[in-house]
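**Q** Quick one: the structure is below, and I'll ask about it shortly.
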Amino acid sequence: MDHSHHMGMSYMDSNSTMQPSHHHPTTSASHSHGGGDSSMMMMPMTFYFGFKNVELLFSGLVINTAGEMAGAFVAVFLLAMFYEGLKIARESLLRKSQVSIRYNSMPVPGPNGTILMETHKTVGQQMLSFPHLLQTVLHIIQVVISYFLMLIFMTYNGYLCIAVAAGAGTGYFLFSWKKAVVVDITEHCH
């Protein structure tokens, strides 16, 4: 059963380029699923290497030439590098801002019924402090960049996917060499 008339989408074979499919209710036996612009671009679901009609994040940002693809590659590469650098910068800023140290002592049972005092170091910071506000703004920027990189990768354009991976790898190589290898459970992009 052919469902190509649904939502104004047309299906492509392996030799097609992505072109918008125009759905005209007066000339088709299909039905409408809502308002708005009824023309949509069919997103490829396999990796491809091309530079014609490649939308990059926004509908007005369309790559049509090899030069535009090269420029997009460099921009995406730098964005992915910046993302990795931002992660390390945030960690460094967090370590530097944690200067408020408190020592808490509590009794613990010792050998032969004696009581020992155990001291714990607590590092804290205030919610409305400048370092915390800066970390919050940088976190928002990091989340937005990570989603941009994810959406760029989801174009399935091989050149752009390579730019994301190569930029992230280069950024990690350049910025993370001093960092201890620890799994970050708050990672957004990987």
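Cβ atoms here come from the backbone N, Cα and C positions, even for glycine.
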**Q** So one of Thr114, Thr119, Thr136, Thr186 should carry the feature phosphothreonine according to Swiss-Prot; which one?
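**A** Candidates were Thr114, Thr119, Thr136, Thr186; Swiss-Prot attaches phosphothreonine to Thr114.
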**Q** State, for Ile115 and Lys178, whether Swiss-Prot gives them the same topological domain name and hence the same side of the membrane.
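**A** Yes, Swiss-Prot places Ile115 and Lys178 on the same side of the membrane.
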**Q** In Swiss-Prot, which of these is labelled O-linked glycosylation site: Thr17, Thr27?
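**A** Annotation hit in Swiss-Prot: Thr27.
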**Q** For the feature N-linked glycosylation site in Swiss-Prot, which residue out of Asn15, Asn112 does the record point to?
**A** Asn15
**Q** What else in the chain is close to the transmembrane segment (133-153), if you only count residues 6 or more beyond its ends and a Cβ gap under 8 Å?
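**A** Same-chain contacts beyond the flanks: 56-57, 76, 79-80, 82-83, 86-87, 89-90, 93-94, 97, 160-161, 163-164, 168, 188-189.
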